[in-house]
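A short worksheet on the structure shown next.
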Amino acid sequence: MDQKQLQALVEQISIRVFGKPFRHTAFFNPRLRTTGGRYMLQTHNIELNKKHYEQFGEEELIAIIKHELCHYHLHLEGKGYRHRDRDFRELLQKVGAPRYCRPLARNTKAPKTIYTYICTSCGLTYRRKRRINIDRYVCGRCRSKLKLS
């Protein structure tokens, strides 16, 4: 789905579900990580997370659009547009929009390598995330050389 298709979809949902036009811009924001979308109060634009569309499909995207359009229309009408406001919760139920979006599958990072250094004299061990120059650093207890194990 590209920008024009997304804009047309948001405008269509706004007319069909809310009976009011959407006169601003809706677009995919690649910087969004944990949220499905957001409504910008200053510009009245709606930003959506493309990863939700790719992972869960168009149904989930439509649900997120409905949620953000609830924020949009209530804010423009001067009513309570925040999650905690009664107007917002009632409109969510009326249009069948979810209160929260489904969580994305996390990309787990590979565990970082832990470097273990052992003192050649007293045997004290040092565990570090970063590699150190063993020619420059010595044991803090006995001042002997360190060895990477």
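Just so it is clear, glycine is given a Cβ too, placed from its N, Cα and C backbone atoms.
Lifted from Swiss-Prot, the feature list:
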type	residues	note
ACT_SITE	GLU68	active site
BINDING	HIS67, HIS71	Zn(2+) binding site
DOMAIN	6-147	domain 'SprT-like'
Margin query: Return the residues near HIS67 (Zn(2+) binding site) by Cβ distance under 8 Å, restricted to its own chain and a separation of at least 6 in sequence.
Written below: GLY36, GLY37, LEU92, ALA97, PRO98, ARG99, CYS101
Check: For GLU68 (active site), what is the tally of other C-beta atoms lying within 10 angstroms of its C-beta?
Finding: 24
Next item on the list: Taking the Cβ of HIS71 (Zn(2+) binding site) as the centre, count every other Cβ atom within 10 Å, in any protein chain shown.
Entry: 22
Checklist line | Rounded mean pLDDT for the residues that make up the domain 'SprT-like' (6-147) | finding: 95
